[in-house]
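Undergrad: TrEMBL lists 3-147 with the feature domain 'Aspartate/ornithine carbamoyltransferase carbamoyl-P binding'. TrEMBL lists Arg55, Thr56, Arg105, His135, Gln138, Gly271, Pro272 with the feature carbamoyl phosphate binding site. Annotation comment: TrEMBL describes Lys83, Arg176, Arg230 as L-aspartate binding site. Sequence annotations record features per position, and here TrEMBL assigns domain 'Aspartate/ornithine carbamoyltransferase Asp/Orn-binding' to 163-309.
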Amino acid sequence: MQRHLISAADLTRDDAIRILDTAEEMSRVADRPIKKLPTLRGRTIVNLFFEDSTRTRISFEAAEKRLSADVINFSAKGSSVSKGESLKDTAQTLEAMGVDAVVIRHGASGAPYRLANSGWIDAAVVNAGDGTHQHPTQALLDAFTMRRRLVGRDAGLGQDLDGRRITIVGDILHSRVARSNVDLLHTLGAEVTLVAPPTLLPVGIESWPCEISYDLDATLPKSDAVMMLRVQRERMNAAFFPTEREYSRRYGLDGERMARMPEHSIVMHPGPMVRGMEITAEVADSDRCTAIEQVANGVSIRMAVLYLLLGGAVFETKNVPDTLQTRTEEK
Ligand code: NCD
């Protein structure tokens with residue numbers, strides 16, 4: 001039994017399918033004139049953002065409001081964090097206000113895990129991206145998008161991504177999106193190939209459950225989905241490739257390259273896109289690019305996660321350390 005969502009690697013296949021199926025239900029709310037369910041009325045959720053975000057922050061807020069929760073938005077800029085306040089003191093301030101869930105984005109890998117297991121707060125913790133480590137709701141919304149597009153909207157219910165071939169391209173080294181996707185896609189039975197310059201692959205990549213390639217052109221014709229990643233300059237302290245032009249020429253997706261992909265295949269991007277770098281405007285604006293769809297799907301996924309964590313249902317877990325077990329068990 002688990003009451004936090006820290007890593008995509010903690011989810012069993014059944015947990016993941018339950019979230020995807022619940023998100024399908026939640027997506028129907030978006031089609032109604034009044035986009036609201038009373039499910040989390042009287043519950044308080046804090047969005048604790050120590051790092052910049054557009055999509056993820058707005059998406060969590062929309063999901064929480066659609067479930068009728070009371071929402072408190074906290075961003076480190078303009079708060080006492082910039083006066084030197086620690087995560088512990090910030091957390092205890094939130095606890096004093098009686099929050100039920102904390103959605104946290106932090107520049108330090110492991111911050112959400114620390115918060116969930118510290119004893120500082122009693123709330124459920126949802127990781128909205130920690131350093132270069134994990135971004136589980138992004139992996140879930142990506143899997144949701146792939147399942148809809150590659151398996152089918154209604155036919156997909158209860159299904160995984162068995163045998164689907166997914167290629168993830170770009171700055172794998174700094175990408176929590178890549179890590180989370182590899183974990184979840186593997187659990188869902190997909191075959192993942194990572195394509196990147198050798199300098200943008202992490203040490204120990206051989207132990208990840210995926211293939212590695214340095215040749216984008218050879219990989220494209222064998223891909224059902226191609227996920228392009230942004231080069232995360234804010235996490236770089238050295239030169240990882242000669243020039244931007246050289247990077248785009250070898251690892252960027254343009255119209256000519258996209259034409260090598262099978263007709264049914266899709267182009268994905270978690271955003272923010274740097275047009276002209278990893279993806280050309282032509283590809284970003286094409287019908288095959290699901291970037292905007294991914295944003296819409298993100299709201300349904302986050303509604304499903306918050307509903308399952310706070311609404312009483314629990315995830316079965318695999319490989320979850322004792323410290324991650326629910327605190328209610330201890331009581
Ligand atoms: C990503 C992130 O913040 O990890 N974006 C997102 O959540 N949609 C990827 C990125 O910043 O490039």
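The backbone N, Cα and C atoms fix where each Cβ goes, and this holds for glycine too.
I'd like to know what surrounds each of these features in this structure.
TA: Averaged over the domain 'Aspartate/ornithine carbamoyltransferase carbamoyl-P binding' (3-147), the predicted model has a pLDDT of 93.
The secondary structure of Arg105 (carbamoyl phosphate binding site), as reduced to three states from DSSP, is extended strand. Neighbour list (Arg105 (carbamoyl phosphate binding site), Cβ cut-off 8 Å, at least 6 residues apart, same chain): Leu48, Phe49, Phe50, Glu51, Ser53, Thr56, Arg57, Ala128, Gly129, Asp130.
DSSP assigns Arg230 (L-aspartate binding site) to coil in the three-state reduction, placing it in neither a helix nor a strand.
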Undergrad: Using Cβ-Cβ distances, find the residues under 8 Å from Lys83 (L-aspartate binding site) that belong to the same chain and are at least 6 apart in sequence, listing them in sequence order.
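TA: Listed in sequence order: nothing, so none.
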Undergrad: Of all the binding-site residues given, Arg176, Arg230, which has the fewest Cβ neighbours within 10 Å once its own Cβ is left out?
TA: Arg230
Undergrad: If I take the alpha carbons of Arg230 (L-aspartate binding site) and Gln138 (carbamoyl phosphate binding site), what is the distance between them in whole Å?
TA: 14
Undergrad: Return only the integer: C-alpha distance in Å from His135 (carbamoyl phosphate binding site) to Arg176 (L-aspartate binding site).
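TA: Counting only the Cα atoms, the answer is 6 Å.
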Undergrad: In sequence order, which same-chain residues at least six apart have a C-beta under 8 angstroms from Pro272 (carbamoyl phosphate binding site)?
TA: Thr54, Arg55, Arg230
